[in-house]
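These notes are about the structure you will find just below.
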Amino acid sequence: MASGDLAVGVVCLSQTVVGLMGNVSLLYHYLFLYFTGCRPRSTDLIVEHLIIANFLSLLSRGVPQTMEAFGLTLFLNDIGCKLFFYVHRVGRGVSISTTCLLSVFQVITISPRNSRWGELKEKAPRYTGFAIFLCWVPYMLVNIIFLMYITGKWGNTNSTMKKDLGYCSGVKQNKIVLSLHAALLSIPDMFCVGLMLWASNSMVCVLFRHKQQVQHIHKNDLSPRSSPESRATHSILVLVSMFVSSYMLSCIFQVCIGLSDNPNILLVNISALLNAYFPTACPFILMSRVSREPRLCFAWIKITKSPKLIINM
């Protein structure tokens, strides 16, 4: 095994293990809140689906990529390759759309009631389930394309018609067809990225106006603390900026791989590492927010455990 392959394998394994543990820990946090009777927020369901999408993306790409880097090649047949690529693309797409949805809901949450988004404060939570449904369906449909031209290394397709994608192969396509497929796959991504950038700009504007309005209060406060809404907004802004930067870099490498008949394996490995960057870091950014936001259920638990407090009440 070459030293370069060993390094890629170690990095892939580390990313996958850390990312899976982070997402499982964050999911456990939300399940704990649910079973202890906490009142859910409108964004909790969105974050839970984001966790599931990150988990699918890491599991379907990180595990086979790590095995391939450590020299365990030819372990997937045609059906396995199609399934892993499809699940990865769907998970990646849902990560994009749910991050976008999370940023839009946060804009609505922090907007003043007298603004144009204020009237949506009461209506938005009722449409959370439908919005999440729309996050899954488009990516489940457009990524069917991968079922058509992803094959295993031992597939029936002539080897001259294949290009190496690491642990699997892709059928070489006409440049025009490839461009049409790339455009079809990019339409929902570009829409979500544009919406995220708009939502991020709106959040920054709302926070800036709010800071100006309460600036005189902060001058008289010896230990000013930001509100939970502000801390959540800051976390989502970090999440969006991290996602957009990693997504743009990943797109550059994927375009290079798609346009090349024989892509360099280094490009394939770097693209895989970039794809795993966001789902790995995402849960830790979200955990930094939820760890500082106590829920009402914890206060209720403390009250029920203290008889003196119950009597006094």
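Note: Cβ is positioned from N, Cα and C throughout, glycine not excepted.
Features reported for this protein in TrEMBL:
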- 22-286: domain 'G-protein coupled receptors family 1 profile' (DOMAIN)
- 6-33: transmembrane segment (TRANSMEM)
- 83-108: transmembrane segment (TRANSMEM)
- 129-150: transmembrane segment (TRANSMEM)
- 187-208: transmembrane segment (TRANSMEM)
- 236-260: transmembrane segment (TRANSMEM)
- 266-286: transmembrane segment (TRANSMEM)
Out of 6-33, 83-108, 129-150, 236-260, 266-286, what stretch is closest in contact terms to the transmembrane segment (187-208), meaning most Cβ pairs under 8 angstroms?
83-108
Stretch among 6-33, 83-108, 129-150 sharing the most Cβ pairs under 8 Å with the transmembrane segment (266-286):
6-33
If you average per-residue pLDDT over the domain 'G-protein coupled receptors family 1 profile' (22-286), what number do you get?
80
